[in-house]
Amino acid sequence: MTSQPASDDIFPGLDVDPALPDPANPFLIPPDDEIFLMRDHERRVRQREREKTKRMKVWQKTTASSRMGRVEKPIMSELARANSIRRRIEANRADSEPPRRERENVSDFLSKKRDMFLVQMSLDVKRNEIRKLEEKAKMKGEALEKSKQVLEEDIARFDKFLQANDALAHKAMKTADNLSKKKQERTVKLKQLKAQLLVIQSEITKLQEQMEDCLKYKTFLEKLTPAEWTAQQEEAKRLRKRQRRKAYIQKRRGEIDQSVEEALAEEEQEVDREIEEKSKSKGRRHRGSRRNDLTEEDIIAMKEKEMEIRRRRHRAQHPDEEQIATYYDREVAESSDEDLPMYFKKPKQLLDLFSTLEEQNLFLIQNGQETQQQLEDMEMRLQETHGTLGVKARQLERENWEIAGRIGTKQRDCDKLEARVTSRSDSGGIKGLLKELADAMASMFATCGYDTDRDAEPLMMLSSAEAKLEEWLEILTDAEATGGSLAEVVARMEREKERERRDRVREEKIQAQNEKNEERLRNSLLRSQAPIFKKCGKQLMFRSAPSRKEVEEVADMAAEEHAEAIAKLFGSHPPRNIAYVAPGKRNSILAKKGTKKQ
């Protein structure tokens, strides 16, 4: 037996060339990190294939079966090459001499084969480990080179960053210096402006004080100004205001007239063309008749009529004089802010007025002193009168109490008599008499000029009328004492009352007219502020009324027949004001009454 058996003797079922490099050992378990690397590698390969497939055209893409066919071809070619090598080796063995074989038992042969297999397997494992270590070293070197390159790039970027940072710092320092200089300049300018502001404020305060003093003097002088002169100046101011209002209205009317004339001038050619077309159409319509065409006077009249219609239409688009006046009063009208001129032009006028007022004041002071003296005399006389009247008042109070006692006694007697009379006489007649007496007192009370009150008692009205009568009698007595006749006094009083009545009626009419004017102004203001109502669409026209079916009235003869039956039965007709109900309808009427009650 030879020391190097053939590979087909060891693995007779495997066609592998022993000269080829040994394949990887399938019995070796790779470490964990390689397993994860293999999984990541396979994922990246699949991702690249998917991206490549996405970028491919439709006719460039393949199916899974075609891809598996491309994978199987290299495997089959390798197997064919291995079979050809094996056949060459067998042919060489057949040509050479047979090797010398030593006899050995099967156990030794198997142990040798086993040792050879173990050695081959250890060699394969070591070879794979060496290859993996070389790949790891190569990967580590590449990673180290990449890290070195990245560090160099980072250092270069950091240098650029430092340079840019230095430039920005230098620029920021420059900007800060400029800003500090500007801030100092603005601070100095602000201080100057504050100083100027203080000076201006002091001047404003001084001028305000002077203005207040001037306003006080002005108010004082206005109080001294005669009221007639002030009213005259205010009337002149109102006249100027009315003139401004009239000028504005005239100006606005002129603008409106100008705009209307311009619009009519633009539409004049259109009017001429329309009139010409109308004349041509009329000429064609009356071509066969004896009627002549329109004359020049007819054309001019038609043109003037059309222009007048268009002028009215354009004027209707603009506000009229009343609307312009309302707009002026509401929006444009404003005070001219002009003060009334001073009445006092020279100091001498004020001195003369002061001297006049001084004389009047001296006269009033003298009158006041005399009045004060008279008042003191009257106070002394009043004190004496109080002392005298106090005794009389106490005496009168005692008499009043005595009279009140007697009146109470008489009142009780009167009540007893009234009760006796009431019990003996008819109470209704007395009440009617009292009512007539109260009505007569009310009419007399109204005739005297008092306001009639429904709740007023007859005794109160009688006492008021007696007081009024005493007052008039005193007035007439005084008039006769002065030497006047009774008729003259009555006529004078009638004239005074008539004058008062006329004044009262005039005031009521003026007040009613003012209220009417205010209501009219308020309505005009509301109309001017209200939105313009524009009709939309066509006005509804009456076409035809819907058909209406007349209801035929059917006479109910059942009640009459029932009444005739009763008359035949009892021998007499029922009264006309009694309505009889037919027997057939009685139940329905009773049912309706029951539902109404419910």
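Note that Cβ sites are derived from N, Cα and C of the backbone, with glycine treated the same way.
Residues 176-210 are the range that TrEMBL records as coiled coil, among 1-35, 176-210, 211-245, 316-350. Distant neighbours of the region 'Disordered' (45-66): none; no residue of the same chain at least 6 beyond its ends has a Cβ under 8 Å from one of its Cβ atoms.
When averaged over the domain 'DUF4200' (109-226), pLDDT in the model lands at 90. Taken residue by residue, the domain 'DUF4200' (109-226) breaks down under DSSP into 116 helix, 0 strand, 2 coil.
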